[in-house]
Amino acid sequence: MKPHMSATVLRAPRVAAILLAVVLAAVLATAVNGAQRCGDQARGAKCPNCLCCGKYGFCGSGDAYCGAGSCQSQCRGCRDDVVGQALPAEPGSTRATAASSASARGLNLTATTGGP
């Protein structure tokens, strides 16, 4: 006489396989999304590839990430990285020559932002 297997024993491997698949999917989703986190939610991390950092801390493009009220940083993509930064002057360049010439005349060419 063969021993009778209960339904519980037969279901255990199937439940374990489903549980393993769910855990692996969660780990994979966290790893993929973890690289795309930004801003305050990710300790100030910046988005790659000129993406905007949305208000919920995810990188993306379009109004949902870059629009007014939807963006927390890099709202203009890569253009934010250079806005307000002075470009270095090469010796002999027009910019370097103009700056040294103005300085010799007592003029200050420091750029400022804001209104009058």
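Backbone N, Cα and C define each Cβ position, glycine as well.
Quick look at what Swiss-Prot lists:
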type	residues	note
COMPBIAS	93-105	compositional bias 'Low complexity'
DISULFID	Cys38-Cys53	disulfide bond
DISULFID	Cys47-Cys59	disulfide bond
DISULFID	Cys50-Cys78	disulfide bond
DISULFID	Cys52-Cys66	disulfide bond
DISULFID	Cys71-Cys75	disulfide bond
DOMAIN	35-77	domain 'Chitin-binding type-1'
REGION	89-116	region 'Disordered'
### Query
Which chain-mates of Cys71 (disulfide bond) that are at least 6 residues away have a CB under 8 A from its CB, listed by sequence?
Cys52, Cys53, Gly54, Lys55, Tyr65
### Task
Name, in the order they occur in the sequence, the residues of the same chain whose CB lies under 8 A from the CB of Cys47 (disulfide bond) and which sit 6 or more residues away.
Gln36, Cys38, Cys53, Cys59, Gln74
### Task
Fewest other Cβ atoms within 10 Å: which of the disulfide-bonded residues Cys53, Cys59, Cys66 wins that one? Let me know.
Cys66
### Query
For the disulfide-bonded residues Cys50, Cys78, which one has its C-beta crowded by the most other C-beta atoms within 10 angstroms?
Cys50
### Task
Provide, as an integer number of angstrom, the distance between the C-alpha atoms of Cys50 (disulfide bond) and Cys75 (disulfide bond).
9
### Query
DSSP three-state call for Cys59 (disulfide bond): helix, strand or coil?
strand
#### Entry: Rounded distance in angstrom between the Cα atoms of Cys78 (disulfide bond) and Cys66 (disulfide bond)
12
### Query
What is the total of other Cβ atoms whose distance to the Cβ of Cys75 (disulfide bond) is within 10 Å?
16
